[in-house]
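Everything below concerns the one structure shown next.
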Amino acid sequence: MKITVVGTGYVGLVTGTCLAETGNEVVCVDIDKEKIAKMRNGVVPIYEPHLDVLFDRNIKAGRLTFTTSLDEGLEHGEIIFLALPTPEDEDGSADLRYVLGVSEDIGKKIKSYKVIVDKSTVPVGTADKVQATISKHAGCEFNVVSNPEFLREGFAVDDFLKPERIVVGSSSDRATALMQKLYKPFVRSGNPIIIMDEKSAELTKYAANAFLATKITFMNEIANYCEKVGADVDKVRVGMGTDSRIGKRFLFPGIGYGGSCFPKDVKALQKAGSDANYDFKILDSVIEVNETQKTILLPKIESHFNGDLNGKTIAIWGLAFKPETDDIREAPSLYMMKGLLERGATLQVFDPEAMPNIKKRFEDTLSYASGMYEALENADALLICTEWSIFRTPDFAKVSKLLTNKVIFDGRNLYDTNDMKAEDFTYISIGR
Ligand code: UDX
């Protein structure tokens, strides 16, 4: 099939590349000339495991091409994916400037039947707005479909190629049939393509993300309470999670959720609720608890050093908002680093992928280590903010030799508390 993807951010690029992988002819459109030039030379502009292999293969096969011309893109595709940014407005709502701007152009330019697919996470009612915007100008038939993505950073290729479900909001049989044909190769396992109305599809995405953020936040509160009463959250987690109604996943407590989706989507749903005269009380609490959780280790670090972090050196392992990504958006590490710097600490930091992004933001206020052990040299303590696999089984003898104090603050509960006791570390984690 002939597919066009407008917007080559994280979602657009993964969508375009994976759709090319099943034999579709995909044209990706972006206004960023430099980015398009790079991609034409085979350079993947983001870090996402396995994407480079697929990208390279499909470019070489001529199924994946790039252009800055929206006209060219609209000429090409029968299905036009909109994978445009929906940044957070000042009031927390999603800003539809880009989605509706491109819809205007689509209305003016299309000359034959098209299915316009909203892939971005957009508030309930956006498909109607896109429909109305295109209708103002369009001289041919078209349908608007809502098709939210459920891609996790770091697993996006796998999530796209083997989705647990595909949600399609469509009220046109013609558009639905085309979407089913497009996605058929991805659901050979029998996983469903769930067809519903556009508004329900739009809300499904927000509801799923807000639920997961709530699940994590609930567990963070249980962890905080465990500390008060001497229970072990790891045991509570396993005890709870084996109940299939609860499930084992997304029950890991830590220093809060971050990233480009959860924080933005929870706030957007809360705002959308209040616009519709509905007060999402549970989301108010989720936002509030997560804010506190991001710096929950700060007072503990401070009190370990008798309230004075001035002149102390803290090593930090992990800066990305989660492993397998270089993304630092809303990462808890940012809040921890800000708090530690304000208290006069010196920070020696290391992350396997996120160092360039951190350098851009913190410039020379941090000391950037070339490796995980280098970060520990003469540091007074180690703080872990992201659970990268390489931090899971360090050489503890080396760690204790390099640190001036044998103390670890672990925001991701990487180590067994008994092991740490045996290694003679002061070990402060979450809810244990
Ligand atoms: C999320 C959704 O999972 C995905 O379906 C959606 O399309 C986009 O948003 P992503 O933001 O990439 O994906 O990351 P995810 O793996 O879901 O983690 C989100 C945050 O929750 C991270 O900060 C992570 O550290 C945190 N988290 C996750 C926990 O604190 N505990 C957990 O048990 C799971």
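Yeah, the Cβs are placed from backbone N, Cα and C, and that goes for glycine too.
Here is what TrEMBL records for this protein:
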type: BINDING; residues: Asp30, Lys35, Thr86, Thr121, Glu153, Lys264, Arg329; note: NAD(+) binding site
type: BINDING; residues: Phe150, Leu151, Arg152, Glu153, Lys205, Phe250, Leu251, Phe252, Pro253, Gly254, Gly258, Lys322; note: substrate binding site
type: ACT_SITE; residues: Cys261; note: active site, nucleophile
type: DOMAIN; residues: 315-417; note: domain 'UDP-glucose/GDP-mannose dehydrogenase C-terminal'
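Overlay of TrEMBL annotations on the structure.
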{"residue": "Asp30", "record": "NAD(+) binding site", "contacts (Cβ under 8 Å, 6+ apart)": "Val6, Gly7, Thr8, Gly12, Ile36, Phe66, Thr68"}
{"residue": "Lys35", "record": "NAD(+) binding site", "contacts (Cβ under 8 Å, 6+ apart)": "Thr8, Pro45"}
{"residue": "Thr121", "record": "NAD(+) binding site", "contacts (Cβ under 8 Å, 6+ apart)": "Thr86, Ala94, Pro148, Glu149, Lys205, Tyr206, Asn209, Cys261, Lys264, Asp265, Ala268"}
{"residue": "Phe150", "record": "substrate binding site", "contacts (Cβ under 8 Å, 6+ apart)": "Asp159, Pro163, Glu164, Arg165, Val167, Lys205, Ala208"}
{"residue": "Arg152", "record": "substrate binding site", "contacts (Cβ under 8 Å, 6+ apart)": "Asp159"}
{"residue": "Glu153", "record": "NAD(+) binding site", "contacts (Cβ under 8 Å, 6+ apart)": "Tyr10, Glu48, Gly259, Ser260, Lys322, Glu324, Thr325, Asp327"}
{"residue": "Pro253", "record": "substrate binding site", "contacts (Cβ under 8 Å, 6+ apart)": "Ile216, Met219, Asn220, Ile222, Ala223, Val233, Arg237, Asn413, Ile430, Gly431"}
{"residue": "Arg329", "record": "NAD(+) binding site", "contacts (Cβ under 8 Å, 6+ apart)": "Gly258, Gly259, Ser260, Phe321"}
Test of understanding: give the count of other CB atoms lying within 10 angstroms of the CB of Lys264 (NAD(+) binding site).
19
Give me the non-local Cβ neighbours of Leu251 (substrate binding site): same chain, 6+ apart in sequence, Cβ-Cβ under 8 Å, ordered along the sequence.
Lys215, Ile216, Met219, Arg237, Met240, Gly241
Three-state secondary structure, Cys261 (active site, nucleophile) (per DSSP):
coil
Should we count any of the binding-site residues Thr121, Lys205, Pro253 as near ligand 1, judged by a CB under 6 A from one of its atoms, and which?
none
Going by DSSP assignments with H, G and I as helix and E and B as strand, what are the residue counts for the domain 'UDP-glucose/GDP-mannose dehydrogenase C-terminal' (315-417)?
36 helix, 18 strand, 49 coil
Cα-Cα distance, maximum over Phe150, Leu151, Arg152, Glu153, Lys205, Phe250, Leu251, Phe252, Pro253, Gly254, Gly258, Lys322, record's substrate binders, Å:
24
If you count the other Cβ atoms within 10 Å of each Cβ, which of the binding-site residues Thr86, Gly258 comes out on top?
Gly258
Residues Asp30, Lys35, Thr86, Thr121, Glu153, Lys264, Arg329 [recorded NAD(+) binders]: greatest CA to CA distance in Å:
25
Quick check: in three-state DSSP terms, what is Lys205 (substrate binding site)?
helix
Can you tell me how many other Cβ atoms are located within 10 Å of the Cβ belonging to Lys205 (substrate binding site)?
24
